[in-house]
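Visitor: From Swiss-Prot, here are the annotated features:
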COMPBIAS  1066-1078  compositional bias 'Acidic residues'
REGION    1-26  region 'Disordered'
REGION    1056-1078  region 'Disordered'
TRANSMEM  44-64  transmembrane segment
TRANSMEM  222-242  transmembrane segment
TRANSMEM  257-277  transmembrane segment
TRANSMEM  316-336  transmembrane segment
TRANSMEM  349-369  transmembrane segment
TRANSMEM  400-420  transmembrane segment
TRANSMEM  555-575  transmembrane segment
TRANSMEM  874-894  transmembrane segment
TRANSMEM  898-918  transmembrane segment
TRANSMEM  930-950  transmembrane segment
TRANSMEM  973-993  transmembrane segment
TRANSMEM  996-1016  transmembrane segment
Amino acid sequence: MCDVLMQPVRTPRPSTNLRSKPLRPTGDGGVFPRLGRLIVRRPWVVIAFWVALAGLLAPTVPSLDAISQRHPVAILPSDAPVLVSTRQMTAAFREAGLQSVAVVVLSDAKGLGAADERSYKELVDALRRDTRDVVMLQDFVTTPPLRELMTSKDNQAWILPVGLPGDLGSTQSKQAYARVADIVEHQVAGSTLTANLTGPAATVADLNLTGQRDRSRIEFAITILLLVILLIIYGNPITMVLPLITIGMSVVVAQRLVAIAGLAGLGIANQSIIFMSGMMVGAGTDYAVFLISRYHDYLRQGADSDQAVKKALTSIGKVIAASAATVAITFLGMVFTQLGILKTVGPMLGISVAVVFFAAVTLLPALMVLTGRRGWIAPRRDLTRRFWRSSGVHIVRRPKTHLLASALVLVILAGCAGLARYNYDDRKTLPASVESSIGYAALDKHFPSNLIIPEYLFIQSSTDLRTPKALADLEQMVQRVSQVPGVAMVRGITRPAGRSLEQARTSWQAGEVGSKLDEGSKQIAVHTGDIDKLAGGANLMASKLGDVRAQVNRAISTVGGLIDALAYLQDLLGGNRVLGELEGAEKLIGSMRALGDTIDADASFVANNTEWASPVLGALDSSPMCTADPACASARTELQRLVTARDDGTLAKISELARQLQATRAVQTLAATVSGLRGALATVIRAMGSLGMSSPGGVRSKINLVNKGVNDLADGSRQLAEGVQLLVDQVKKMGFGLGEASAFLLAMKDTATTPAMAGFYIPPELLSYATGESVKAETMPSEYRDLLGGLNVDQLKKVAAAFISPDGHSIRYLIQTDLNPFSTAAMDQIDAITAAARGAQPNTALADAKVSVVGLPVVLKDTRDYSDHDLRLIIAMTVCIVLLILIVLLRAIVAPLYLIGSVIVSYLAALGIGVIVFQFLLGQEMHWSIPGLTFVILVAVGADYNMLLISRLREEAVLGVRSGVIRTVASTGGVITAAGLIMAASMYGLVFASLGSVVQGAFVLGTGLLLDTFLVRTVTVPAIAVLVGQANWWLPSSWRPATWWPLGRRRGRAQRTKRKPLLPKEEEEQSPPDDDDLIGLWLHDGLRL
């Protein structure tokens, strides 16, 4: 078989009724002529090289699927604001599992019962044992307060959030999710519960799994479409198979090379692999069509197969190289974008296009050499040239009409692109039958849409925020946030239940003061009679003390007589010194009886008139004025001794002495009388010593001092009575004022209920209880417990731990909204929340704080922001690259400008059709990745067709633009149509994917390619070229150096004009290209089918 293939065969000559021009010799210089000669001499070596390369890479390099699992693509760059804030919040609160969360939905349509709860607890226990894959678990077994939150209102479903290690979409997270899914399935099997896994981690897993399942189906669909189209174009099964063999080999090699790039750190997304397959098939088939069409042209000119292969490769290889370079450079430029899916798909597609290009200029010619020698890929008669020539004539005759009609269609369709609404919810790209979609449906059925998607207002400060002022400022900030439209509730340390803590409002605290004042006012009113009694009692006391003063003055003279008598007795007996001399004192008996009578009378009077001493002493004891006055204090001491003498029997002993003196009789023996008096007198002397009366002079002075103190007390009591009366009058007035104050404060409590009117204050002592580590409920003062609003200490500590970081420098608030967290409205709300929070910062304790919002809506918002930025970058970069290549190729300015404009309008029109089909007809929003990705591909591929069309027009316009347009449309129409159909078929093959984003992108790409093929390149651009005329090739003189032409040698004027203006039709159709003319080598009549 090999020998047969190696034998040269003679290719059939064209029809004899067609005159042909002799072929010019092909130049030997350049890469492609040398490459053509090598391939013709050694086709088996080239084929063996590709087979060996594929055979070497396939077993030694991991598959692209495996690499995509190891190196997944992160949606956002690592320095995205939301990711930075999330990491900071996670570090501040020492949490894990916030980046990647899966939600287990456990449901029972009959209602949750005891058996369901046992299954729930068993599942929780199993998950807690898996410490490698579960870093966070929010269950109501260990945290009973979560039961209400985690249970649906219809009591038919529970949710169980599970935090996984690693970032969302990372290899670690994916592997952990797979193992957690196995645990859930195993534990719930056989129970009455139905378990569904959903949440962000489940969505990412389903995206990857669905992409892998779709790939084989997509590749099969693309292959079938290509076979049909190639069979229609060539009508030859062998010719049809050659491009497929080339593409298949290049796909194997390209995937392994991309896998090597993945091992070097390039992220690989399953969606990117799908687009990579479609792009390789489309571009590879286009290049094969270019080469085979030029090969057929040379065969028609009488060349044998080997010569045709060399000439076709020499001429069209440069076109393929320029086209591939344009596409590859454009794709590689996407590495400067920010979003992961765009940043990684660019290098993947760039590598793929490069591999396809090398296969198209090496492997495909080698296959053509072997099959062409046997005549297996001979051309058939061209059936389309007459149609395209007629089309060119119509355009030249009525360029304005054609331009207006085509432009009107394009502009109307492009206008629809401005009505696009973009979707950032990856849930909608998944089919409804996957696990995560079923779980989301269960969530939507039983729970609010925003329940499992937390959104936080995160505040970071360089100072400790656990102060009354900082908390008051925080409350004012979140109060503003709570007023943002769509915000349903804000929960945090200052508002645990979603509204400002009532007991911390200053209006509530003022109301409590008012309540106490009201109670005091009522007490004053109730005890007004008692106050009046106080005033009367003070006046009565003052009157009585006046009477006491009179009694004291009278008693003082009597006491003085008693003291004189006792002093006389002491002098008479001589005290202890004269005890032995009493035997000679009988003569004194009479005097003693008389003295006894006097002592008895005076002692009795004193004893009967000391009743005034007790109240006076009590008044003096309670008088601060007497305590401060040394004289009054001394008198008080003496008066205390007098009262003590009365109470302890001293005065009674004096009376006993008097009675003994009175009982002296003549018949009594002196010894007995004196013996009795001796004992009584000794007792009296000791008692008087205790009273400080051992010295008669001292007693007299002290009695006088008491007299003075009593006088002063009587005078002060009157002043006291007047002061008490004044106090009573003031208390009555204060009671009236307290009533008015309490009424005002209570009214403030009742009416100042809005946060703006209420104020906020939490005592620092309460903060220390909330953030302390060893606080017990019984140690907290009752006034602080009153401020908790029904929370106990443990609950307060949990609230503080949830919303205040351990160091106090970070605080967060949980935001609940009425919006779908995946919607664009929720993304737009982020800016409003941030603006409201930052607007409350100036001139507060939060002035230097960093305020950010964390949550899925913020992730989607950042995705949108980066997408908009990347789209602008892609547009600018792609336009510049393609424009530069066109300027270099055409050596002109005007034509490249309107060509770029046509590309952009074509892209917008394709996007507009996508909006009409998906948004208006199917009710689906366009996926956010569609604009950027489709722009690059449509503009880059459109650049191929631009090169084919405008380069040939530049060549044919030597004899006039109008005739050049006719010849260009006639010669390139079939090639552009075939290439466009093949590329569109490759893109439409992606419509068989299950991912909505891939389906939308494929439809827009396929539609855009068809628009570009059948409208823009064949009607709009030729019409513009006719209207612009020779100005198409205008170039500033400074850009025209004599030898300037980087892609090849320029011809002189004589060479450009030596071709006859008119040729017979047959000769014109069969005339070969000038071998030394670069433009002719690129796009001459031989490029037709």
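Glycine is treated like the rest: Cβ placed from N, Cα and C.
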Visitor: Please identify the stretch among 44-64, 874-894, 996-1016 with the greatest number of Cβ pairs below 8 Å relative to the transmembrane segment (349-369).
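Guide: Between the candidates 44-64, 874-894, 996-1016, the best contact partner of the transmembrane segment (349-369) is 44-64.
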Visitor: Would you mind listing the long-range same-chain contacts of the transmembrane segment (973-993), meaning Cβ under 8 Å and 6+ residues beyond its ends?
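Guide: Contacts of the transmembrane segment (973-993) (Cβ under 8 Å, skipping residues fewer than 6 from its ends): 211, 214, 217-219, 221-222, 225-226, 229-230, 233, 274-275, 278-279, 281-283, 285-286, 289-290, 293, 382, 384-385, 387-388, 391-392, 941, 944-945, 948-949, 999, 1001-1003, 1005-1007, 1009-1010, 1012-1014, 1017-1018, 1087-1089.
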Visitor: If contact means at least 3 Cβ pairs within less than 8 Å, sequence distance 6 or more, would you call the transmembrane segment (930-950) and the transmembrane segment (874-894) in contact?
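Guide: Counting Cβ pairs under 8 Å, at least 3, so yes.
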Visitor: Considering pairs 6 or more residues apart, do the transmembrane segment (400-420) and the transmembrane segment (996-1016) have at least three CB pairs under 8 Å?
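Guide: Yes, the transmembrane segment (400-420) contacts the transmembrane segment (996-1016).
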Visitor: In terms of Cβ proximity under 8 Å, which residues at least six beyond the ends of the transmembrane segment (996-1016) contact it?
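Guide: Residues packing against the transmembrane segment (996-1016) from afar: 211, 214, 271, 274-275, 278, 406, 409-410, 413, 426, 428-430, 902-903, 905-907, 909-911, 913-914, 917-918, 924, 926-927, 929-930, 933-934, 937-938, 941-942, 945, 976-977, 979-981, 983-985, 987-990.
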Visitor: Cβ under 8 Å, sequence separation of at least 6 from the ends of the transmembrane segment (44-64): give me the contacting residues as numbers and ranges.
Guide: 2, 38, 70, 249, 252-253, 255-260, 262-263, 268, 273, 359, 362-363, 365-367, 370
